[in-house]
Amino acid sequence: MLYDQIATNKRRTGYVMFGFGVLTLAIGAALGYLFWNSWVSGTVIAAVVAVVYMLIMISQSTNVVMSMNHAREIKDVSQAPQLWHLIEDMALVAQVPMPRVFIIDDPSPNAFATGNDPKHAAVAVTTGIMERLNREELEGVIGHEMSHVRNYDIRLQTIALALSAAIGLLVNFASNWFWWGGATRRRDDRDDSAGNIIGLVISIFLIILAPLAASIAQMALSRNREYLADASSVELTRNPQGLINALRKIDDSQPMKAADPNSAALYISDPFKHKQKFADLFATHPPIADRIARLEKM
């Protein structure tokens, strides 16, 4: 059951990332057709923009994310011995280097991992999670976060964020061009054949829906990786009950005050406790009840 869940979630993640890439290139193609009458030119530009954004995000992600969430780094074991030793032990079990350790001064229990790869990873926990969870429960949470590190979820989330930002930049460029009449001038140079009209309609349709589709894809990726990290945490700790109890306590808590909205998908549970009508599409995390139900079957 455990390894089946891990394999299933990895496949789903592959589908989502493939969809992200296709969407980015499709937006580029649409822009190229609208403004330069060339699908290829736009696709190349979109690919370059996406790669540049990814490189910037990957190189700066840890410091930026920790700053946005008001996290302070713990550089010595004496500052938080229990937390330090738990992370050290889980890193050893997961066979990854010891990550940087951060604490967020917030009474709501929560935690997240970020970074580029296991060698440049960081784990942050709130003061609330250290106060409310016992050792067994905290071990389950740290196992979850170290699973994100081991499974390269931290890089996947960074890439997804970069692709979303690239799509937003391209769409913003298109909107400004339309506003100043650039696209109108380009269309004046074309004939009004059925093929050109269909191409224009498809391109405009893609540009309008792209940000929504990117958001849905990013949320789907986050949900799939949460399920995978839960299963991987059990693989590391051999104790599903610890994580189950931790999730129940985290769910039964107040929203965070220190969390940054752009980092919500990184946390082990939605830090703002959003109640979405269309949760399956726009929620950053799967329902806690569903996660617990899966853990109870292990």
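Using the three backbone atoms N, Cα and C, a Cβ is placed for every residue, glycine included.
Going by Swiss-Prot, these are the annotated features:
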ACT_SITE  Glu145  active site
BINDING   His144, His148, Glu226  Zn(2+) binding site
TRANSMEM  16-36  transmembrane segment
TRANSMEM  38-58  transmembrane segment
TRANSMEM  159-179  transmembrane segment
TRANSMEM  197-217  transmembrane segment
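Between the candidate recorded positions, Glu145, Glu226, the densest Cβ environment within 10 Å is the one around Glu145. Listed in sequence order, the residues Ala113, Glu145, Ser147, Asp153, Arg225, Leu228, Ala229, Asp230, Ser232, Ser233, Ile268 complete the 8 Å Cβ shell around the Zn(2+) site centroid, once His144, His148, Glu226 themselves are left out. Its own atom aside, the Cβ of His148 (Zn(2+) binding site) has 27 Cβ atoms within 10 angstroms in the protein chains shown. When the alpha carbons of Glu145 (active site) and Glu226 (Zn(2+) binding site) are compared, the span between them is 10 angstrom. His144 (Zn(2+) binding site): 27 other CB atoms within 10 A of its CB, across all protein chains.
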